[in-house]
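J.: First, the structure itself, so that you have it in front of you.
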Amino acid sequence: MQSSTYAAVKGNAAFAFQRRSFSNLVSRSATTTGIRFSTGSYFAQLHSSASKAMGAKLARAENGIHSLSSVKARSVRAQASSGGGDEEEAIPLRSEGKISGTVLPFVGVACLGAILFGYHLGVVNGALEYLAKDLGIADNAVLQGNLASNWYALCAGWIVSALLAGATVGSFTGGALADKFGRTRTFQLDAIPLAIGAFLCATAQSVQTMIVGRLLAGVGIGISSAIVPLYISEISPTEIRGALGSVNQLFICIGILAALIAGLPLAANPLWWRTMFGVAVIPSVLLAIGMGFSPESPRWLVQQGKLTQAEKAIKTLYGKEKVVELVRDLSNSGQGTSEPEAGWFDLFSSRYWKVVSVGAALFLFQQLAGINAVVYYSTSVFRSAGIQSDVAASALVGASNVFGTAVASSLMDKMGRKSLLLTSFGGMALSMLLLSLSFTWKALAAYSGTLAVVGTVLYVLSFSLGAGPVPALLLPEIFASRIRAKAVALSLGMHWISNFVIGLYFLSVVTKFGISSVYLGFAGVCVLAVMYIAGNVVETKGRSLEEIELALTSGA
């Protein structure tokens with residue numbers, strides 16, 4: 001999943017942190033900042049671009065729903081270690097004619113969770129400086145000099161990082177909740193910490209209350225990060241699963257953009273930051289209400305033996321003409337196994353560990369490949385090229401992200417997931433190498449600023465083509481239904497843990513080794529990612545779930 005989303009979180013924090021505590025960083029690393037937006041023209045342009053891409057995508061998805069025909073039956077076999085024997089079929093959403101139902105409205109409701117994900121990540125970017133003054137963190141009259149700077153950095157770091165700590169907890173609990181209560185009920189439960197966290201942040205009178213609010217909001221977005229792609233993958237027709245699954249990433253980008261737009265009035269009204277946090281309560285409530293009218297995953301209902309409810313869900317999603325066929329197929333698929341629900345320790349068994357490790361590795365590579373570093377230093381890089389406007393720097397980074405994600409969505413069901421991942425990490429490796437050389441190679445000194453800008457834009461574009469959107473889409477496809485919710489949660493837990501660690505130690509590593517060496521190290525990680533993906537990740541486009549799992553088990 002994601003993603004360039006975290007990079008936006010740390011933007012203003014990194015700026016303030018650098019401004020107060022890292023003013024002595026060497027060379028170009030001395031003026032690091034993250035994404036900062038302060039004018040409306042770029043927002044309008046970027047929002048228009050995202051809206052057009054989204055409209056085209058949903059139109060294609062709608063057409064795909066109504067043109068599915070003679071779709072090959074799909075199944076997934078839960079392969080027992082060595083002896084094997086148990087079989088579990090996951091029937092596709094087949095169609096012999098026009099489908100009268102539609103999944104698009106319910107995908108839209110689920111994506112409210114993705115919007116909140118992006119919004120809570122991005123809202124602190126513009127608000128941090130103002131809330132710090134309002135809560136007495138900045139310009140402390142008692143603390144002076146380095147002590148004041150350290151206090152500011154500590155509080156700002158916790159306000160930002162509390163969200164990540166909460167998200168780690170939420171991502172692990174989301175899978176268990178989805179298995180126990182179902183997907184839609186888990187969404188409704190998720191709205192509680194999202195709404196309460198937003199309310200506490202908006203009304204906070206102390207740093208402690210703000211941190212608690214951010215922690216609760218983090219739990220909410222952690223749960224969302226696990227169940228949004230899970231729910232969408234389970235209700236989407238196979239032939240447009242990639243397009244609909246990648247909508248999740250686009251809505252995350254839109255959530256970040258909405259947070260940045262919400263910060264525009266801050267310059268005129270310093271207390272506006274409270275409204276910025278408080279407005280997040282609205283989509284949280286809408287998510288809970290919307291899921292009250294959304295159908296549960298038919299597959300989960302059949303697994304729970306709730307056939308009557310499964311029939312109702314199928315009728316809503318695919319039309320009454322599909323009820324008998326899909327209920328029969330899904331019921332038959334459940335007769336092949338009498339296994340209990342998988343536990344957490346089952347994920348580490350020889351039967352499942354290979355496929356689970358692939359999911360965790362993809363998210364580790366995603367975060368260790370350097371997306372945070374590129375955004376931290378984007379404004380510094382652009383200033384070295386003579387671009388002094390933070391808005392212009394953010395415009396290039398943000399436009400590259402949205403454009404790349406939109407392109408990836410259109411290619412997901414054409415090029416395939418694995419091809420996009422290889423292209424993405426390969427492009428990121430070359431971009432990182434270019435960035436590193438632009439800082440150190442004396443022969444390129446005259447062009448260093450231009451090359452750094454080109455490298456940054458190419459890196460973000462490459463990231464958004466595959467490394468950003470593909471992992472969250474791929475995981476529900478490669479995991480057997482018995483372990484799907486928990487395995488997705490475990491993989492996303494690795495995502496949030498790595499985010500948290502990078503956020504804590506990144507600036508310290510840069511101070512010790514220099515930004516050029518760090519960029520070179522990120523290039524090496526990208527190369528390792530290409531090698532790992534080539535040898536361990538299977539292509540899921542156009543392949544049955546059984547073929548996917550068997551290929552992973554056999555090492556294909």
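Including glycine, each Cβ sits where the backbone N, Cα and C put it.
Source: prediction; values computed, not measured.
The annotation domain 'Major facilitator superfamily (MFS) profile' is assigned in TrEMBL to 106-541. Look at TrEMBL and you will find 103-121, 151-175, 211-232, 244-265, 271-293, 355-379, 419-439, 451-475, 487-507, 513-534 tagged as transmembrane segment.
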J.: Any chance you could find the range in 211-232, 419-439, 451-475 with the most Cβ pairs under 8 Å to the transmembrane segment (244-265)?
T.: 451-475
J.: Report, as numbers and ranges, every residue of the chain located at least six residues beyond the transmembrane segment (271-293) whose Cβ falls under 8 Å of a Cβ in that stretch; write 'none' if there are none.
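T.: Distant contacts of the transmembrane segment (271-293): 109-110, 112-113, 115-116, 119-120, 123, 126-127, 130-131, 134, 184-185, 187-188, 190-192, 194-195, 198-199, 201-203, 213, 217, 220, 259, 262-263, 265.
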J.: Return the average pLDDT for the domain 'Major facilitator superfamily (MFS) profile' (106-541) as a whole number.
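T.: Across the domain 'Major facilitator superfamily (MFS) profile' (106-541), the average pLDDT comes out at 83.
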J.: Taking the transmembrane segment (211-232) as the first stretch and the transmembrane segment (419-439) as the second, find out whether 3 or more Cβ pairs fall under 8 Å, excluding pairs closer than 6 in sequence.
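T.: Checked: the transmembrane segment (211-232) vs the transmembrane segment (419-439), no contact.
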J.: Find the member of 103-121, 451-475, 487-507 that has more C-beta pairs under 8 Å to the transmembrane segment (151-175) than any other listed stretch.
T.: 487-507
